[in-house]
Every structure is written in C-alpha cells, then in structure tokens.
C-alpha cells in the first residue's frame with residue numbers, strides 16, 4: 001500500500017521546478033505519480049496542469065492578496081498558495097477540504113509555521129473573490145499567456161489571436177491513431193463501443209479517432225497489443241503529405257518519442273525506416289513504441305545538423321523532419337511551455353531549424369519528398385522558414401502545401417479539435 005502523501009505540496013514543488021528551474025512537467029510528473037495511489041494520480045495531474053494553465057491569473061491574485069511575494073526558501077509556499085487558489089476557482093473539491101489539505105501541505109514542505117499565513121490568504125480570497133475576479137477580467141492578464149507570446153500572436157494573427165489564446169487555455173481532447181495493420185478504423189470503433197466508450201472519426205485523417213471522454217490507455221481495446229496509439233490528429237496529418245511507400249528508404253529525423261516512426265510503418269510496413277534523435281531519453285521511447293507495436297526500424301542517436309556522422313552518404317526517398325520548435329501549437333496539451341519558453345528562444349530555434357534543413361537536403365534523392373513539420377504557430381519557424389529555404393535552394397520545389405509567397409499549411413490550435421501544427425511538402429527537382 002502506497003504511503004499517504006500530501007498531493008498539494010507535491011504539486012507545488014513540481015510547479016516550482018517548472019517555473020523556477022525550467023524543468024519539463026513531462027519529465028517531473030510521471031515519477032511523482034508512481035509515489036501515489038491510482039485514485040490520486042489524476043488529481044495530482046489536474047493540480048499541476050491546471051496551475052500551469054492558469055499561472056498568470058494565480059500569480060496576479062497572489063500579488064493582490066499579499067503585501068510582498070514569498071522568496072528564497074519560502075518560495076514553495078507561493079506555489080502552494082497557487083494550488084489552493086486553483087482548487088477554489090476551478091475544481092469541485094469542497095472549499096473546506098481544499099483549504100485544509102493545502103494548509104496541511106505546509107507541514108509536508110517543512111514550513112509548519114506558515115500554516116496560518118496560507119489559511120489567511122486563501123480565506124481572504126474567498127471573501128474578496130467577486131471583486132478580485134472582476135478586476136482581473138478587465139486586465140491583459142486574463143489571456144493567461146506571457147506578454148512576449150501574446151505580442152507575437154497578435155502580430156502574426158491579428159484576426160485570430162484571441163481564438164488561438166482561448167484554444168490554448170482549454171483542456172485538450174484525446175486523439176488516437178488506429179493501427180491499420182491490425183484493424184480498420186470502423187472495426188476498432190466497434191470494439192470501443194463494446195467497451196462502453198464512444199469515439200468519432202476525423203473527417204480528413206483516415207486513422208484518427210477522437211474519444212468522447214479521455215480514458216486511461218490501459219482501458220483502450222488492444223492498446224498493449226499495439227492496435228491503437230495516442231497521437232493528436234494534427235500530428236497524424238504528416239502522413240498525408242509524406243505518403244510513405246513499401247520498399248522505400250525513409251528518414252524520420254527528430255523522431256522521438258516515435259509516434260510518427262510507427263505511423264510510417266503502419267502505412268508502409270515494408271519501408272526501410274531510420275529514426276534519428278539527438279535526445280537519448282526520447283530515443284528510449286522510440287524503442288518502447290516500436291516494441292509495443294511489434295515493429296522494426298533502425299534507431300540512431302544523432303544531431304540533425306551533421307547527418308554524415310550517422311548515415312554517411314546515404315540517400316533517402318522520403319524524409320520527415322519534425323523540427324525542434326517552440327511547441328507553441330501544443331500549449332493546451334503542455335501548459336508549462338508558456339513558462340518554459342522565452343522570446344529569445346524563437347530566433348535561436350529558427351536558426352537551428354535552418355541549419356538542419358540545409359544539412360539534410362543533400363541526403364534526399366532527386367525526385368524525393370521532404371516534409372517539414374513543427375508543432376509551432378509562429379511564422380518565423382514555419383512559413384518564413386520555408387520561404388527562406390526555397391529562396392536559397394535552387395532544386396527545392398513546394399508541393400501541394402501553400403504558395404511560394406505563403407508556403408506551408410498552418411493548422412491553428414483547436415481547429416477541427418486538433419493541435420496547432422505546420423506542414424510543408426518539398427520535392428527535390
């Protein structure tokens with residue numbers, strides 16, 4: 001039996017690691033969830049994701065409720081108060097229980113002398129809630145995005161930035177990809193129905209299913225057997241443009257965690273696939289995904305800027321470059337991105353993308369296809385990146401995705417329930 005732990009203090013410490021130390025919630029949360037009971041896993045996740053989704057609001061409220069911020073060794077208390085405010089604002093947890101558990105969290109983080117302070121701040125919020133929220137809703141902080149990102153979205157999408165921001169602040173739907181080598185989408189949907197769950201097919205992507213209500217993967221028919229994979233619909237769209245064929249040599253570059261590698265092999269089971277990523281941890285997940293789906297690919301660790309180090313002079317029929325990016329299209333799925341990214345990251349990422357594109361182009365056969373993809377919504381990483389590449393690369397031709405003046409296809413967050421995603425299909429003359 002797992003030891004009873006204070007979830008509020010665990011959430012506060014995790015959020016502090018994200019905001020103060022720049023760590024990814026995707027790395028921090030799973031080990032923490034192993035320490036709590038199954039019924040508490042979901043609540044711990046809700047508290048972490050929820051606070052990070054609404055961080056700017058909670059920060060704004062604390063600044064109104066407290067004379068000065070908590071600093072130094074007491075900084076965790078700042079995040080514990082955030083967890084308390086989030087529960088009062090956004091959950092169905094009875095207020096008395098939310099307060100009691102949050103105040104008790106001070107003991108778990110070895111700050112019992114601050115229980116009274118935490119209790120006082122949260123009770124003050126309860127008394128002034130209507131007045132504070134009215135003031136908050138009249139401020140720019142209501143968009144729940146850092147100002148640098150808000151400015152970039154407003155500049156890039158003067159007519160659509162508000163709908164993008166709104167979509168980013170929602171909980172994402174759960175999308176699945178049916179493994180066509182095992183089942184047709186319709187036959188798997190019938191199995192889902194028999195299991196008492198509902199799913200809906202995507203209009204454009206032939207393997208995509210949206211669950212009516214998100215569910216744990218172990219509850220999905222045939223998940224362990226590889227019949228289905230969790231993958232957003234927009235990410236599945238890459239295969240529409242890549243169109244892999246049996247017998248081809250295909251490179252999946254920046255392949256971790258392996259969702260697109262396995263999708264290539266579902267569409268073209270006899271393709272020769274090389275999956276490459278610079279990150280060892282992400283590569284381990286590529287191996288895990290291949291194993292679960294019973295598939296084989298060559299997997300290598302390598303830097304996309306120096307392909308000769310990991311593939312020599314090899315040429316490929318098709319290349320999928322899922323480029324490292326700001327991930328500004330998947331904020332609803334990873335709300336910590338809002339607080340991990342900085343404005344200065346964008347030109348640095350654009351430079352890295354440019355270097356990888358130039359380096360890998362020489363490894364594409366004449367007549368071959370390269371699909372450039374990102375989960376960003378920022379033009380510097382997307383349309384402007386491809387426009388510049390086309391201008392400096394004489395043998396590159398845009399195909400099916402946009403125009404030379406406005407290259408690529410940009411999906412915005414929430415459009416057709418998918419994540420924000422960009423694709424450009426390039427042919428080598």
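Any Cβ shown, glycine's included, is placed from N, Cα and C.
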>> Quick check on the annotation: Swiss-Prot has 254, 255, 256, 257, 258, 259, 260, 277, 303 binding S-adenosyl-L-methionine, so which of 317, 322 does it put in that site too?
In response: 322
> Listed S-adenosyl-L-methionine-binding residues 254, 255, 256, 257, 258, 259, 260, 277, 303, 322 - what's their greatest C-alpha to C-alpha distance in Å?
Replying inline: 19
>> Within 10 Å of its Cβ, which one of these recorded positions (254, 375) has the largest number of other Cβ atoms?
In response: 375
>> Roughly how many Å lie between the Cα atoms of residue 260 (S-adenosyl-L-methionine binding site) and residue 375 (active site, nucleophile), rounded to a whole value?
In response: 13
> Can you tell me how far the Cα of residue 303 (S-adenosyl-L-methionine binding site) sits from the Cα of residue 375 (active site, nucleophile), in Å?
Replying inline: 20
> 10 Å Cβ neighbour count around residue 256 (S-adenosyl-L-methionine binding site)?
Replying inline: 25
> In angstrom units, rounded to an integer, how far apart are the Cα atoms of residue 256 (S-adenosyl-L-methionine binding site) and residue 375 (active site, nucleophile)?
Replying inline: 14
> Once the chains shown are all counted, how many other Cβ atoms turn up within 10 Å of the Cβ of residue 303 (S-adenosyl-L-methionine binding site)?
Replying inline: 14
